[in-house]
Amino acid sequence: MKTVVFAYHDMGCLGIEALLAAGYEISAIFTHTDNPGEKAFYGSVARLAAERGIPVYAPDDVNHPLWVERIAQLSPDVIFSFYYRHLICDEILQLAPAGAFNLHGSLLTKYRGRAPLNWVLVNGETETGVTLHRMVTRADAGAIVAQLRVAIAPDDIAITLHHKLCHAARQLLEQTLPAIKHGNILEIAQRENEATCFGRRTPDDSFLEWHKPASVLHNMVRAVADPWPGAFSYVGNQKFTVWSSRVHPHASKAQPGSVISVAPLLIACGDGALEIVTGQASDGITMQGSQLAQTLGLVQGSRLNSQPACAARRRTRVLILGVNGFIGNHLTERLLREDHYEVYGLDIGSDAISRFLNHPHFHFVEGDISIHSEWIEYHVKKCDVVLPLVAIATPIEYTRNPLRVFELDFEENLRIIRYCVKYRKRIIFPSTSEVYGMCSDKYFDEDHSNLIVGPVNKPRWIYSVSKQLLDRVIWAYGEKEGLQFTLFRPFNWMGPRLDNLNAARIGSSRAITQLILNLVEGSPIKLIDGGKQKRCFTDIRDGIEALYRIIENAGNRCDGEIINIGNPENEASIEELGEMLLASFEKHPLRHHFPPFAGFRVVESSSYYGKGYQDVEHRKPSIRNAHRCLDWEPKIDMQETIDETLDFFLRTVDLTDKPS
């Protein structure tokens with residue numbers, strides 16, 4: 001049975017050995033080049049492949065069409081992935097008639113995502129395991145083929161648990177690979193309501209927060225002990241690593257982080273105390289706790305910190321132009337929920353952000369970006385991150401006011417982009433799913449899909465082309481002048497405060513707001529060209545969480561990236577959206593205040609949008625970049641979004657003159 005293997009780490013090596021022992025013919029192996037900043041304590045898949053005479057590759061992007069074509073030429077019967085670190089696209093997964101299977105280091109459906117070995121220790125679990133499951137587009141979500149449980153002992157650390165999991169994986173593969181080969185497997189669907197998902201960990205995540213219980217800190221030490229980078233803390237500005245520890249049920253009134261004793265080295269925690277058994281100063285060698293205390297100059301009563309004493313306390317300053325808009329006001333709410341952001345905003349109105357106007361870390365000026373150029377330039381210079389969210393983004397305006405769309409969406413934003421270049425500020429720019437135009441790909445991919453628009457005499461494309469050209473300008477500034485940027489492409493975000501019903505009355509709103517207005521007023525729901533066009537609708541909360549992670553930019557992973565933010569699972573036609581909305585409306589507690597439903601009416605796009613309109617039949621995002629850069633995937637079902645959006649708008653209606 002011919003197979004193509006994607007593999008890395010010890011699990012990759014043992015997976016390859018298991019396949020060969022089971023009689024599989026491995027046509028090619030795909031792996032990664034080693035990261036020079038990572039301690040390589042594990043086996044080399046590349047070396048093993050070379051020793052076994054198997055072709056081995058380490059492409060930067062295995063999902064590139066050229067690699068998809070080369071893998072297709074290998075005609076694999078089955079595909080296996082053993083700890084390969086990138087998501088594999090659906091085009092590759094579909095190449096194998098017998099399917100694709102992944103080995104995951106947890107008991108799915110728990111601990112989907114990255115670093116499950118470390119996360120189970122961080123969270124103090126007493127059991128984990130290994131799972132072989134069928135691969136689907138979503139990470140770790142396919143049906144389970146086989147599992148083995150592994151007990152976690154109280155004295156297990158990351159490396160000992162790693163060895164246990166490797167042993168279990170060998171057993172599991174030895175038992176299961178022959179069954180896959182003969183097509184004799186029983187698959188069990190995962191229960192989505194029980195799933196948990198965890199993101200990538202970085203060395204910076206392992207700081208010891210002394211206000212937490214000693215047991216929690218001890219678990220952190222176990223989770224990242226050598227050969228992982230280790231848990232750490234600071235004495236003043238000097239960093240040190242804790243390699244091993246013990247929990248003491250020490251009753252102390254000392255402040256968390258205070259040194260209770262130096263022999264043994266005992267630190268007060270939020271609950272109990274942590275003994276540092278072995279550790280290492282940043283410029284030293286590993287030593288036992290009391291010697292480390294002497295090296296660091298610790299005495300009873302000394303204080304340890306989670307960050308350097310001189311660490312900057314200043315909040316990150318975020319400039320949001322168009323702060324009163326749909327994305328702007330929800331993003332402001334998310335940023336102000338944290339304690340390390342200062343938000344500066346400009347917009348022509350403030351109705352959606354009135355709830356923030358008295359917040360001490362929110363600063364708002366009412367104004368127009370085409371007039372307040374000096375204010376904008378000053379605040380670009382002053383702030384750390386710039387989000388120019390001002391745009392005309394309603395389809396009817398593309399044909400009704402194409403020049404205004406160009407002037408605002410392109411010309412005004414180009415000026416802001418140039419300010420960011422001038423003052424070397426990071427820009428997070430809202431591209432759009434519209435840039436893909438009439439692309440025929442099943443999934444619209446940021447790095448590979450063609451951007452296809454209609455002829456010049458179809459002005460509906462002026463928005464798409466304006467945004468696309470700005471994307472290209474930003475990319476060029478990044479390449480040639482070092483502009484720090486991220487482009488994000490929202491796919492049909494929905495939720496409360498999307499447009500308003502007054503905008504819908506003049507046709508200048510998005511689809512769901514227009515449909516809600518029809519229900520409120522008792523007018524027919526208009527289905528443009530039958531409403532068969534499909535879109536992938538995304539809850540604003542999912543979208544904002546992804547955007548927040550772009551702003552956070554952990555490990556600078558978002559720099560220079562284009563990221564689709566959408567929900568491929570929430571695909572529906574406009575007609576289906578209308579039917580779901582109607583069902584929600586009919587059972588809403590305020591339903592009796594509104595007129596009877598007036599039915600659906602099919603209208604031609606030219607009569608609704610005017611001359612020069614073209615529509616797009618489907619628009620489904622690939623979200624592999626969002627997985628890779630943000631450890632993000634959408635979670636909220638479309639029906640929940642519809643219910644909450646409808647409820648919000650119905651409660652904004654003045655019911656005094658409505659029938660009861």
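Using N, Cα and C of the backbone, Cβ positions are placed for all residues, glycine too.
Among the candidates Arg70, Arg114, Arg149, the residue that Swiss-Prot annotates alongside His86, Leu87, Ile88, Val136, Thr137, Arg138, Ala139, Asp140 as binding (6R)-10-formyltetrahydrofolate is Arg114. The annotation in Swiss-Prot ties Asp368, Ile369 to NAD(+), and of the candidates under consideration, Asp339, Asp347, Asp351, the one tied to the same site is Asp347.
Taking the C-alpha positions, the distance from Val136 ((6R)-10-formyltetrahydrofolate binding site) to Asp347 (NAD(+) binding site) comes to 43 Å. Look at Ile369 (NAD(+) binding site): DSSP puts it in coil. For the (6R)-10-formyltetrahydrofolate site listed in the record, the two most distant Cα atoms among His86, Leu87, Ile88, Arg114, Val136, Thr137, Arg138, Ala139, Asp140 lie 16 Å apart.
For the region 'Dehydrogenase ArnADH' (314-660), the model gives a mean pLDDT of 92. In this structure the C-alpha atoms belonging to Ile88 ((6R)-10-formyltetrahydrofolate binding site) and Arg535 (UDP-alpha-D-glucuronate binding site) are separated by 23 Å.
Fewest Cβ neighbours within 10 Å among the recorded positions His86, His104, Lys526, Lys532: that distinction goes to Lys532. Neighbour list (Ser433 (UDP-alpha-D-glucuronate binding site), Cβ cut-off 8 Å, at least 6 residues apart, same chain): Phe444, Arg489, Pro490, Phe491, Asn492, Asn564, Gly566, Arg619, Pro621. Other residues of the chain with a Cβ within 8 Å of the Cβ centroid of Asp347, Asp368, Ile369, the NAD(+) site, are Leu321, Gly322, Leu346, Ile348, Gly367, Ser370, Ile371, His372, Val390.
For the binding-site residues His86, Arg138, Ala393, Asp529, Lys532, a Cα to Cα distance of within 10 angstroms from Asp368 (NAD(+) binding site) holds for none.
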